[in-house]
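Down below is the structure, laid out as structure tokens.
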Amino acid sequence: MTDRVIIFDTTLRDGEQALKASLTVKEKLQIALALERLGVDVMEVGFPVSSQGDFESVQTIARHIKNARVAALSRAVDKDIDAAYEALKVAEAFRIHTFIASSALHVEAKLKRSFDDVVGMAVAAVKRARNYTDDVEFSCEDAGRTGIDNICRIVEAAINAGATTVNIPDTVGFCLPNEYGNIIAQVRNCVPNIDKAVISVHCHNDLGMATANSLTAVQNGARQIECTINGIGERAGNTSLEEVVMAMKVRQDFMGVDTHINTQEIHRVSQMVSQLCNMPIQPNKAIVGSNAFAHSSGIHQDGMLKNKNTYEILSPETIGLKKEKLNLTARSGRAAVKGHMADMGYNEQDYDLDKLYDEFLKLADKKGQVFDYDLEALAFIDMQQGDEDRLVLDKLSAHSTKEYPATAFVQLKLDGEKLSTSSIGGNGPVDAVYNAILNLTGLEIKMSHYNLTAKGEGAEALGQVDIVVEHKGRKFHGVGLATDIVESSALALVHAINAIYRAHKVADIKNHKHH
């Protein structure tokens, strides 16, 4: 039978500490409910003594969570432990997590105590917490830089006092995997009463080792991993939940352990945390990055189309994503282009693959990424006849003050003919410009994504706007680049509308062929 590893999520405690702005109670509850659906065993949701706001959010979450243990942090201080209990007592099941520093550096410089005093404080804290609950976790902070004899001594004392989980954190991300695994193995072998508690690990990512250290610890006997969604946390972050969970799942042959996590929820929770915390996910982040399942090399794409297992060790569906993306770029091969056309329902007889692939490479060199509707336009519209953009932005001005709604004046050229209009209202100048453009074109368009990135430094920086719009159930992309954000936003919308016009033209050509 495989052993189970307890997943202790600390997104709302250690993760939240890293944010520039605190989350509201409502946002924290939203994340907590998502973590409950994800299937975490324990969620650490705050440090109640630190502020009234933290106390209230811990209490609110404790009241709503039914299928996970709710934990709160406290120093080895009576008032902290009492506050943690007061906030948690409404929960179905709760844990008090108390900690004290154990490394010589912390003990002498921060606590200004002897190690004997520290052991005494740890024992008193665990005993006090045990008065409130039989689920008490004890952490020796900065264990990674504490001598092994001292770790074993304080852990043994904490277990004797009633700790049911003992956490050996690498607080500053200092350890390397073999070294950390060795610490866990020694705790397991040298602490006489270790069978009465679960060994937990809490790793930071300062040297990029958090995932590796946590997995090595499990191989050496740890049975709880403390982690956060997307690896958010102080400095370089914490162990990433999605990475350790998927590593244990994909390499169960090697690890021999599993978790209670419903991996289908990973993508959804990852996106929610990223948005609510305003913490973008790096595109090449393992498991949840936007490129994690995207293949753009021609050789890889050809292999993927023949057999997914050639370059994919886990399927995107396991984390709740629909399908891997084969990005069409200048590096894509004919197989990927043909595959995209087949996905849209076209047989090889419907178009000339050689001609399409040549045109595709020209466009990809110019544009970077090519979308499905671009392929259709290349396949069915004769580019030699000069496929100019039907819509061009001619003139633009927008004005906005605090007192009055935003106004915009827009002049477009549609098929060479000038059209102009003014619009009032909207949530600012960009909105006013969009209203004006949509009024002029008469298209029904819904905005589903808007992203602004600065290209370059300082006042000379260009603002690039990337948008995704929906028209008749289909998504179209637009990009605009200008020194002025309103102008780059307008250019992005015009770009997307030109893609829509091309799609209309393709549809007309197809209808004409059928009649």
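Even glycines carry a Cβ here, placed using N, Cα and C.
Not measured: the values here are computed from a predicted model.
Listed features, source Swiss-Prot:
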- 5-267: domain 'Pyruvate carboxyltransferase' (DOMAIN)
- D14, H202, H204, N238: Mn(2+) binding site (BINDING)
- 392-515: region 'Regulatory domain' (REGION)
The region 'Regulatory domain' (392-515), counted residue by residue under DSSP: helix, strand, coil: 46 helix, 53 strand, 25 coil
Neighbour tally for N238 (Mn(2+) binding site), based on other Cβ positions within 10 Å of its Cβ: 30
Set of same-chain residues at least 6 away whose C-beta sits under 8 angstroms from D14 (Mn(2+) binding site): E44, H202, E226, T228, G233, E234, N238
Distant-in-sequence Cβ neighbours of H204 (Mn(2+) binding site), under 8 Å, six or more positions away: P169, D170, T171, V172, G173, A210, G233, E234, R235, A236, G237, N238, T239
Residues close to Mn(2+) site centre defined by D14, H202, H204, N238, Cβ within 8 Å: T10, P169, T171, C203, N205, A210, E226, C227, T228, G233, E234, G237, T239
Mapped DSSP class for H202 (Mn(2+) binding site), helix or strand or coil: strand
Local backbone state of N238 (Mn(2+) binding site), from DSSP in three classes: strand
